[in-house]
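Here's the structure we're looking at; comments come further down.
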Amino acid sequence: MSMYGRDPWGGPLEINATDSATDDDRSRNLQDLDRAALSSSRPLDETQQSWLLGPGEQKKKRYVDLGCIIVSRKIFLWTVGALLFSAFLAGFVTLIVKTVPRHRHGHPPPDNYTLALHKALMFFNAQRSGKLPKHNNVSWRGNSGLQDGKSDSSTVMKDLVGGYYDAGDAIKFNFPASFAMTMLSWSVIEYSAKYEAAGELNHVKDIIKWGTDYLLKTFNNSADSIDRIAAQVGVGDTSGGSTTPNDHYCWMRPEDIDYPRPVFECHSCSDLAAEMAAALAAASIVFKDNKAYSQKLVHGAKTLFKFSRGQRGRYSAGGSDPALFYNSSSYYDEFVWGGAWLYYATGNTSYLQLATTPGIARHAGAFWGGPDYGVLSWDNKLAGAQVLLSRLRLFLSPGYPYEEILRTFHNQTSIIMCSYLPVFTSFNRTKGGLIQLNHGRPQPLQYVVNAAFLAALYSDYLDAADTPGWYCGPNFYSTDVLREFARTQIDYILGKNPRKMSYIVGFGNHYPKHVHHRGASIPKNKIKYNCKGGWKWRDASKPNPNTLVGAMVAGPDKHDGFHDVRTNYNYTEPTLAGNAGLVFALVALSGDKSTGIDKNTIFSAVPPMFPTPPPPPAAWKP
């Protein structure tokens, strides 16, 4: 029988079944010949032998199949042994290292500026009015001022609950409070990384939002045009021997206040409205990731600034109650300040055009000196506005038509920085080294901290712009000189002074114990002291029962002297505006100097700039 297969070369392949019986015989004969050949030829290696040896005569397998690779069994055993020995050796070394005593190198301890920053922010928690959040963390404070607005039938704004008490009393002044919120927002915009490193970014943002939420209540924030602002809640006028209960005549815990709290409204208040606009505009940049809230702040800022420009006048004119405590000297500085912040918040060049109008700058005092030139305060924001606009020139350089006035602001900023240096005589210093920016008048520290933060901030601006320093006349000064000025002033406040006293409550071992502050001086003992019942705590010689952590007091006199007396507010009273400047200075100096400013966040709403070319020269006439 034959079978036919397909020959791969094209022809039929014939297989004879009858021949298959002899195939095994032929295979055995071939194997015999192969063995004979092996015995008579040269020795073959293992691999060659394995090809030729029959199944029953192959050598024992000496390889290990690892799936993806075949390795020699000998090499495999050596490798496994080496790995086991290495693991044992590593474990033994680790055991020795763990058991031998050694000096631990942990994270370096926080610097004094960071430690003081934690405390300085807590002051704002203690000043809160309204229904307090659960995380307020000031055990002796509670809900207060819950009838603010409702108790005054003459005001349109009925919900004025919230905000901050200004100082040691329970009055809510919008003017300095707005300035404080602007300052805090500015500090977050510039130094958010430092706040984050200190673990305080969320805290400071909560503080700002508590303030801006209240400011939004003091005018019709949903309208495009307004005709009034609730400028103040509570009064403090005790002139003429008045015994009418109010926030200065009475000495009570805010939680126990039961007397009427009038609301002061203003209808022509350019300075206040522009400052409030600055506060909301700056905060809108801080909260830019919360789009709805940021837009609400921007809208409110636009409305306020429009009101400030339309109804000209000082909010404290006419001998009003605000004039007794926070009298505004002018509103032109707020126009420059508010205009700059609205430009940064919106990118609308009309605000920049207004902020750089030479006539407004001249009225604000930008082109002349004077004894208080360069002193930033709740009243005069010119120095801050000039630094803020110098920033624009340093990093964006918008060119024509802004360059000339921006260069002037930049030059004036350089002059201000020169005036802070000890080699110049613009301001005296105490023997202990504290600069006398208010020329020996009381309550100096609020001005000192503002100068310190401006110097540190401007130094960081120059560093970020790769500029090593600036000129004072023919002399060149390094940016390190500015930081050193800021450090020496803040170090004085932290305790490096002739009295070895820290002027921040709760910082260090020696600090004021008789702070001029109603809530801190009256114990929380479930006893309600009436208007005059709290006077015994005001006049007591014992230290305050409650520690007002982080409060920067008014400060020493021009001879470095200090009287820790509760009734002397010129030494022992803290304020919102003062602590805001302190916070700014502390965060600027805290941490690693290599962590500088955030160059770009403030410009997040500013469109790309393409400088407008100057107009062509007039046609030549022969």
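Backbone N, Cα and C atoms are what each Cβ position is placed from, and that goes for glycine too.
Caution: TrEMBL annotation is automatic and unverified by curators.
Taken from TrEMBL, the feature active site applies to His516, Asp564, Glu573. For 113-586, the entry in TrEMBL reads domain 'Glycoside hydrolase family 9'. What TrEMBL lists as region 'Disordered' is 1-27. For 75-97, the entry in TrEMBL reads transmembrane segment.
Across the domain 'Glycoside hydrolase family 9' (113-586), the prediction's mean pLDDT works out to 96. Between the CA atoms of Asp564 (active site) and His516 (active site) there is a gap of 9 Å. Annotation for His516 (active site): same-chain Cβ neighbours under 8 Å, separated by at least 6 residues, are Ala167, Gly168, Val553, Arg566, Thr567, Asn568, Tyr569, Thr572, Glu573, Pro574.
Each of the active-site residues Asp564, Glu573 was scored by other CB atoms within 10 A of its CB, and the lowest score goes to Asp564.
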